[in-house]
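For reference, the structure is listed below as structure tokens.
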Amino acid sequence: MKEIQQGESLLIRDVEVGRARVNIRVEGGRIAAIGADAGGEAAVVIEGRGAVALPGLYNTHTHAAMTLLRGYADDMPLQDWLSTKIWPLEAHLTGEDVYWGTKLACLEMIRSGTVAFNDMYFFMEDAARAVDEMGMKAQLAYGFIDLFDEEKREKEIKATEKTVAAIKNRRNPRIRAAVGPHAVYTVSPEGLRWCAEFSRQQNIGIHVHLSETDQEVKECVEKTGMRPPALLDKCGCINPRTVAAHCCWLDTADCTLLGDRGAYASHNPTSNMKLAVHRAMPYAWLKDAGAGVCLGTDGCASNNNQDMFEEMKFAALLQKFFWNSQTLLPAEQVLAMATANGAAAMGFDGGRLEKGAAADIVLLDRNAICNTPLHNPVSNAVYSCNGSAVTTVLCQGRVLMQDRVVPGEEEILEGARAAATNLLTRAAEARTEE
Ligand SMILES: C[C@H]1O[C@@H](n2cnc3c(O)ncnc32)[C@H](O)[C@@H]1O
Ligand SMILES: [Zn+2]
């Protein structure tokens, strides 16, 4: 695969965009021209041969390194799953684990057409190293969990400050820092206020879990007299830089609040169905209220993959099923959630195939079964295909996968396998020592 150098151009010849056959010219990481007559000399030429071109996908809620926990704990309710299985194992994570787990997540995302992700986890400097090497875009937040304890809060503040400084010091415009207050049931109001103020000072995003379960809402109301969005808002955590994951149990007033503040709700249908949270994010209420709506996979312990094509289909189906409306969340809108809305939620310029936009471009095999026949490329992308139809991926003009080849794949699989085994061994050894 030939790397294009700064200042060089790239031409993707003969792809289908909308219903037209076009060429796409890329210069300086942006789409310089798109159309039937776009062309000219180029350092690199990719032959599309009629491939369906889509904007690169944006995964707005995940815990990337949880790829190492894929299949580790399934078929359980959220609180039980977190407190008896996930958190005890995560206590043994190392930076090396997070590096390999994030590399594996990047590989999986690239293979399935995702160019950018919004991550909340631990050892985020190691996650940043992985993202840098893989050439993707990401917004990375340390998962701030103080469990209402002052001493823990001080530790989480230091960890957040250190992570943000390290990510900013990389000076990689593709990698952004954010703050990650985990949720209202794991972070004290003092911790939430600190996160809000720090994100304002640093001019960075806020990534938070919000109203995922009925229990979260009920306990929050009992404890504080406020529903979770109102509590977050009182602490300064709801604003246009906020991406709130799940948002399943919002009522109409909660949606109005998110809309008034210009915040984004990330829909995570697979995780919500698997953890049986009993309610689907109120897409129509959020949209009517003017809130941003985007899409995410959540981590691999609750999904159990990072395929945004599957997520698009589940989003469209879950909305229709739960809210009993065949016309709710049509294919074009779900694709917008996974592309332009996701880019806006993470503060990146992308998600559009038009002149001047970041060259985040995904090609789908025109001859795949899921694209046969090709009456409607968007319908096929949302309802028929999954990530395995993706052949080629560009992120800001850089080729991350060409003809299904991602450089270094074998090494990543080996490294991630070893990291997962070592993690489980360390946890087992610690148990026998107890
Ligand atoms: C960052 C922490 O968040 C944990 N996590 C993963 N999935 C979920 C979820 O659906 N709700 C709440 N918290 C979640 C992850 O294991 C880390 O501990
Ligand atoms: Zn999550």
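Cβ from N, Cα, C; glycine included.
Because the structure is a prediction, the values reported are computed rather than measured.
Of the residues E154, E161, E212, TrEMBL puts just one in the substrate site with E90, H182, D298: E212. Listed in sequence order, the binding-site residues among H61, H63, E90 whose CB lies under 6 angstroms from an atom of ligand 1 come out as H63, E90. Averaged across the domain 'Amidohydrolase-related' (53-399), the predicted model reaches a pLDDT of 98. In this structure, the C-alpha atom of H61 (Zn(2+) binding site) lies 18 angstrom from that of E90 (substrate binding site).
Taking the mean position of the Cβ atoms of H61, H63, H209, D298 as the Zn(2+) site, the remaining residues of that chain whose Cβ falls within 8 Å of it are T62, M120, A245, H246, S266, N268, S271, G296, G299, S302. Packing around D298 (Zn(2+) binding site) is summarised by its Cβ count: 27 other Cβ atoms lie within 10 angstroms of its Cβ, all protein chains included. With respect to ligand 2, the binding-site residues E90, H182, E212, D298 contribute D298 as residues with a C-beta closer than 6 angstroms to one of its atoms, given in sequence order.
Checked against H182 (substrate binding site) by C-alpha proximity, the binding-site residues H63, H209, D298 yield H209 as the nearest.
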